[in-house]
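Shown next, in structure tokens, is the structure this report addresses.
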Amino acid sequence: MDFASAQVIGAGLAAIGVGAAAIGVGNVFGSFLESALRNPAAADGQQGRLFIGFAAAELLGLIAFAVAMIILYAR
Amino acid sequence: MVAESGKIDPMHQFLIEPLFGRDWAIAGQNIAFTNSALWMVVTLAALMLFMLGGMKRELVPGRWQAMVESFTGFISGMMATNIGPEGKKFTPYVFSLFMFILIANIMGMMPVGVVGLHPFAVTSHLTVTGLLAILSFSIVLVVGFWRHGFHFFSLFVPHGTPVYMIPLIFVIELFSFLIRPFSLGLRLFVAMTAGHILMKVLAGFVINGVNAGALTVAIVSIPSFILMIGITLLELLVCAIQAYVFALLTSLYLNDAINLH
């Protein structure tokens, strides 16, 4: 296999991490909504923590994207 | 035809090129006025216009003043809930950070391409976001050591840690502390870069599909265009969320430095 094809396949494999982060972000918002509907009075006070969890989950997906870009444009 | 087709080059939009002053230099370093600098100036001008329009201090706020006050109230409320009364001193810094990032993100999304100009997202470069992150991190360090001296290191040993676990916990907490400026800068930079690449790739699908004929217009261009409208709305949301997350995390890190757990 030549370098260019291996590069594209590697970048594609690295992009799987973005999908995994999508599961994480879905979990964060899903769990928040589930518990916010149980106790709507407490939901507004937890919005900061919601976005912290979202930011942490999203960062890992974005790192997977950065790795994919590094592989794709490697010389 | 709309534009020439060809291979999609989504990275070209991030190219920094000097506009004038190519031979300006300080100590051998080129300091030409680039498109990045131009869009920072545009961001600053928009921010000043927005703030000055709403700082008339009328007793009964008009529409504009209510808009500005909702932003300032949002940030000062965030500082009050996350840090407490001590956070009031840092509200101007976090507010400037939030507004600069928000307006820089939105300026990068402006459709000025229709009149032939190239919008440039300032925050899609690690140099800019990294500098903002280092600024936040330095303020946290300075405030922490100023207020607590070497007692600041107790941040790395949570309450109730067994004595034999202290060396391990200290190293882990120290690393998680030192990684903060990287994660802070990298998050904003990659989120903006990824969004702009995605939109450019979809725009390339639309243009290439239009150029290839009537069949590809129906099965490629139109679905891509509809998807692109949705992605643009999502990106506007991401612009606001990333600015909010940056300001929120800065306030949380400041809380660590001020209140030490």
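Using the three backbone atoms N, Cα and C, a Cβ is placed for every residue, glycine included.
Per TrEMBL, the feature transmembrane segment maps to A:6-29 (among others).
Positions annotated as domain 'V-ATPase proteolipid subunit C-like' by TrEMBL: A:9-71. Mean model confidence for the domain 'V-ATPase proteolipid subunit C-like' (A:9-71) is a pLDDT of 89.
Sequence annotations record features per position, and here TrEMBL assigns transmembrane segment to A:50-74 (among others). Sequence-distant contacts of the transmembrane segment (A:50-74) (same chain, at least 6 residues past either end, Cβ-Cβ under 8 Å): 7-8, 10-12, 14-18, 20-22, 24-25, 27-29, 32.
Per TrEMBL, site 'Reversibly protonated during proton transport' is recorded for A:Glu58. Taking the Cβ of A:Glu58 (site 'Reversibly protonated during proton transport') as reference, residues of its chain lying under 8 Å away and at least six apart in sequence are, in sequence order, A:Ala21, A:Gly24, A:Val25. DSSP assigns A:Glu58 (site 'Reversibly protonated during proton transport') to a helical segment in the three-state reduction.
Residue counts for the domain 'V-ATPase proteolipid subunit C-like' (A:9-71) under DSSP (helix as H, G, I; strand as E, B; rest coil) come to 61 helix, 0 strand, 2 coil.
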